[in-house]
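A.B. asks: This structure is in structure tokens; I'll ask about it shortly.
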Ligand SMILES: Cc1cc2nc3c(=O)[nH]c(=O)nc-3n(C[C@H](O)[C@H](O)[C@H](O)COP(=O)(O)OP(=O)(O)OC[C@H]3O[C@@H](n4cnc5c(N)ncnc54)[C@H](O)[C@@H]3O)c2cc1C
Ligand SMILES: NC(=O)c1ccc[n+]([C@@H]2O[C@H](COP(=O)([O-])OP(=O)(O)OC[C@H]3O[C@@H](n4cnc5c(N)ncnc54)[C@H](OP(=O)(O)O)[C@@H]3O)[C@@H](O)[C@H]2O)c1
């Protein structure tokens with residue numbers, strides 16, 4: 001293309017330009033397809049003479065127009081423009097991010113760091129109970145943050161009981177106020193929502209509280225909560241819309257049940273609660289509700305914590321049962337009815353055994369559904385732009401660079417098919433994607449050996465393979481499992497939960513006994529697992545573990561000296 005781009009010192013360029021201008025015309029005249037090229041150039045730029053000058057991708061014009069712009073200082077001004085220097089004239093933004101949660105916010109701020117013009121659309125569709133929240137996505141508003149804080153509230157209750165054995169004396173009966181806890185948690189979340197808005201403004205990311213939906217190639221419709229529609233275009237798009245809780249599809253579920261999206265801001269204590277589901281969300285919520293002194297039952301369709309090491313999962317279940325949580329196994333609800341108005345009121349739950357032979361009934365104040373989450377991909381116009389989803393799950397398959405089948409559309413976080421649904425994973429993928437797109441980086445998100453923790457009353461930290469998957473992948477003869485039970489020193493004086501904490505590591509014999517699975521059940525399991533996960537990432541072997549000196553007296557030392565009893 002016979003264009004020229006000014007990129008450095010304008011006065012030198014002006015001299016060079018005066019020399020090059022006749023040369024371009026000369027070349028175009030004598031080139032075989034000269035006339036054709038000239039026609040195309042005219043069609044694209046409406047200019048009749050060459051060279052045609054672009055500065056920061058903005059068309060200035062031909063020789064005369066360029067010199068004029070230079071004399072008027074316009075070129076210098078354009079060259080000094082930072083921040084929005086790469087938006088193609090035809091697009092409003094370099095990048096539009098749909099979803100202002102963990103992944104979307106991380107990616108948008110990172111892209112803006114490299115001078116890109118970025119728009120983030122975030123919109124929370126209210127739950128069937130009418131609950132909504134602010135900027136920041138699931139983790140901050142209805143996930144990790146309120147969950148961990150309520151888990152802490154429950155742990156403090158346990159600590160109060162323990163404290164008597166350590167000599168603390170308090171007369172009155174200890175009571176917990178759901179309202180005080182919820183207000184404190186929600187106030188903290190409010191401060192985080194505000195902080196996110198400020199940080200977007202500081203980083204010059206445009207934020208709109210609007211629902212984003214593709215309406216055509218490179219074009220999105222943003223609808224705010226008053227129904228006002230705006231249309232924006234961008235060179236690239238990032239889908240980071242996350243997931244929302246699934247409902248059972250039985251009579252009464254949406255009318256009377258709540259989900260984790262409602263629980264953390266519930267204005268009244270939920271009372272006697274039935275938790276339906278047996279994974280992370282279900283067991284964590286059941287755990288802290290019981291820890292706050294509520295009567296809690298968990299209805300399990302099949303197994304606990306599908307996908308996790310089953311030995312660990314069952315130990316979590318046993319511990320919860322010993323601490324008063326009831327489990328109804330191999331049953332699913334078929335109907336929920338309201339039998340008493342009020343907050344919380346009373347509900348009747350009818351359930352059927354999974355073999356279809358038995359029907360049971362139970363009365364609860366609250367039914368919390370935690371039966372999985374659906375990707376928010378079916379109402380955002382993906383069909384209009386041709387982005388493929390897995391029709392069954394709604395999840396988006398992407399390349400190892402988080403690119404969808406439509407090259408200018410990317411996706412990260414919980415909407416991805418076959419990836420872990422965790423906040424740090426969404427953040428890492430978002431940051432690295434922005435760096436690859438706009439800073440010439442090549443590093444891809446590494447989804448292997450991602451550590452995680454289940455914040456049940458007895459916390460469970462894991463990294464790498466479960467025992468079942470390791471056996472299946474490498475064969476029994478190639479796997480060595482080391483394990484230990486332990487009793488945290490802090491629990492000895494109140495003499496509780498002896499031999500309930502447990503740790504195991506799984507090693508690959510064929511690979512120098514490399515640690516390929518790490519599992520620990522005990523206090524602060526998340527803190528412990530985070531450290532070991534770094535070592536696993538570095539290729540930790542059993543011999544290196546044995547050669548590491550422990551810290552005494554802490555729980556994590558048991559993970560180093562397996563098969564030994566340190567207390
Ligand atoms: C109860 C619970 C506890 C959890 N605990 C943990 C934990 O302890 N640790 C951990 O690592 N992970 C935890 N998670 C998972 C974690 O919250 C998610 O993995 C993480 O939030 C995913 O980030 P994301 O950016 O993909 O999506 P999200 O954070 O869900 O953000 C998506 C955002 O997009 C918005 N949105 C959706 N559609 C549109 C649209 N069309 N237009 C505009 N905006 C839209 C949504 O309202 C939301 O704000 C928990 C999840 C739950 C439910
Ligand atoms: N601490 C953390 O890091 C943390 C905490 C919470 C959530 N998360 C993330 O959030 C994701 C979603 O978690 P999740 O617990 O909502 O979902 P999930 O992992 O998909 O589990 C869904 C649970 O609901 C059960 N279930 C599904 N349909 C049911 C039905 N019709 N009736 C009864 N039970 C039913 C499933 O049982 P079956 O096993 O029988 O299918 C399973 O126990 C997780 O994958 C995780 O990555 C992370």
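Here the Cβ of each residue, glycine as well, is placed from N, Cα and C on the backbone.
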A.B. asks: Looking at NAD(+) binding as recorded in TrEMBL, which candidate out of 372, 381, 386, 394 goes with 277, 278, 279, 280, 281, 282, 283, 284?
C.D. replies: 372
A.B. asks: As a check: which entries in 144, 279, 281, the recorded positions, place their Cβ less than 6 Å from an atom of ligand 1?
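C.D. replies: Only 144, 281 meet the Cβ criterion.
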A.B. asks: Of 148, 212, 281, 372, 414, 552, listed as recorded positions, which ones have a Cβ less than 6 Å away from ligand 2?
C.D. replies: 281, 372
A.B. asks: Could you check which of the recorded positions (148, 212, 414, 552) sits closest to residue 283 (NAD(+) binding site), going Cα to Cα?
C.D. replies: 148
A.B. asks: Among the binding-site residues listed here (212, 277, 372), identify the one with the smallest other-Cβ count within 10 Å.
C.D. replies: 372
A.B. asks: Please determine which of the recorded positions listed here (148, 552) has the lowest count of neighbouring CB atoms within 10 Å.
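C.D. replies: The recorded positions 148, 552 were compared, and 552 has the fewest Cβ atoms within 10 Å.
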A.B. asks: Work out how many Å separate residue 277 (NAD(+) binding site) and residue 414 (FAD binding site) at their Cα atoms, rounded off.
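C.D. replies: Per the Cα atoms, residue 277 (NAD(+) binding site) and residue 414 (FAD binding site) stand 19 Å apart.
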A.B. asks: Indicate the candidate from 139, 144, 281, 283 with the smallest number of other Cβ atoms within 10 Å of its Cβ, considering only these recorded positions.
C.D. replies: 144
A.B. asks: Sequence gap of 6 or more, Cβ distance under 8 Å: name the residues on the same chain that satisfy this around residue 279 (NAD(+) binding site), in order along the sequence.
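C.D. replies: The list for residue 279 (NAD(+) binding site) reads 304, 305, 306, 370, 372, given in order along the sequence.
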